[in-house]
Amino acid sequence: MAPSHWRVILNGKSTDNMDLREAVGTLRKRGIQLDVRVTWEDGDAERYVGEAVADGVHTVVAAGGDGTLSEVAAALAHHEGDAASLPSLGLVPLGTANDFATAANLPIAPLEALTLIAERVAQPVDLLRIDADHGPHWCANVASGGFGTQVTVETDEGLKKMLGGLAYLITGMSRLGRIDPISARFSGPEFSWEGEFIALGLGNGRQAGGGQALCPEALIDDGLLDVTIVPDLDGEVAATLGTLVIGGKQAALERVAVRARVPWLEIVSQQPLTLNLDGEPETSRHFRIECVPARLRMHLPGECPLLGG
């Protein structure tokens with residue numbers, strides 16, 4: 001039997017990670033044919049995934065944060081064919097927030113993460129397909145809008161490197177009193193809501209932006225999109241809620257949130273609305289978000305909270 005062939009797609013910011021380097025060497029000694037490619041600019045992940053598919057690679061491993069995972073997952077989803085015909089997907093979490101990995105209970109240590117990929121059979125997982133003004137996009141974890149999106153977009157890269165997830169909280173605190181509500185209309189099967197909101201979560205996964213659990217019960221294998229809308233509130237209440245949302249305080253969110261679970265959702269806004277798609281901002285007045293069931297196969301822990309079984 002031929003050895004398993006993996007392709008690791010490594011975020012260029014993590015090339016000095018010695019733990020990953022040693023883990024790759026260990027997996028090679030165990031008989032896995034493992035190649036590494038490093039991303040430096042836009043389009044690299046797409047190209048490397050295309051090469052992996054053409055080379056008949058069995059597993060593509062995203063080594064980086066939520067953005068790297070999303071890039072690699074999107075690149076796989078762009079290819080024709082079902083999940084069984086594409087390489088399986090693995091994740092070595094090397095980002096600042098690692099929101100998907102945290103919610104999925106994936107190990108952070110590179111050797112443990114790679115060992116899990118080797119030992120666990122890949123499971124079918126959903127992806128979100130987002131159609132907007134500038135063409136279709138794919139999202140592996142959470143699309144968010146409003147207050148949390150501005151915090152993620154505005155958080156300084158240097159601050160993230162020094163302080164990790166705490167950087168998002170500091171940025172959120174600095175925005176208190178500047179929460180501008182957004183007006184939009186939401187519609188999906190047996191769901192409709194229209195009004196002004198300050199935060200929005202559209203979840204395949206559960207959390208984004210450094211620990212904001214906007215969709216705390218979302219599953220990545222149920223074929224459904226979890227929707228959380230936080231309506232506009234009076235100034236002081238909104239500021240307090242903003243702090244609690246950034247800090248992951250679910251009780252405050254549950255008191256005011258509008259929730260739904262649908263296979264697809266349309267959003268129409270009179271003003272440009274920015275959604276953060278796993279770290280990548282996309283602005284449009286009209287979005288259609290669809291949960292595409294079992295689009296990929298992914299290696300996940302046996303007791304993964306994101307799987308419904």
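Each position is counted from 1, following the chain as shown.
Cβ from N, Cα, C; glycine included.
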Of the candidates Thr15, Thr96, Thr102, the one that Swiss-Prot places in the ATP site of Thr39, Gly65, Asp66, Gly67, Thr68, Leu69, Ser70, Glu71: Thr96
Neighbour tally for Glu280 (active site, proton acceptor), based on other Cβ positions within 10 Å of its Cβ: 17
Neighbour count (Cβ, 10 Å) for Leu224 (Mg(2+) binding site): 19
Position of peak Cβ density within 10 Å, selected from the binding-site residues Ser70, Thr96: Ser70
Spatial neighbour of Thr39 (ATP binding site) that is closest, considering only the recorded positions Leu219, Asp222, Leu224, Glu280 and their CA atoms: Glu280
Residue counts (helix, strand, coil, in that order) that DSSP gives for the domain 'DAGKc' (1-134): 57 helix, 36 strand, 41 coil
Separation of alpha carbons, Leu219 (Mg(2+) binding site) and Thr96 (ATP binding site) (Å): 23
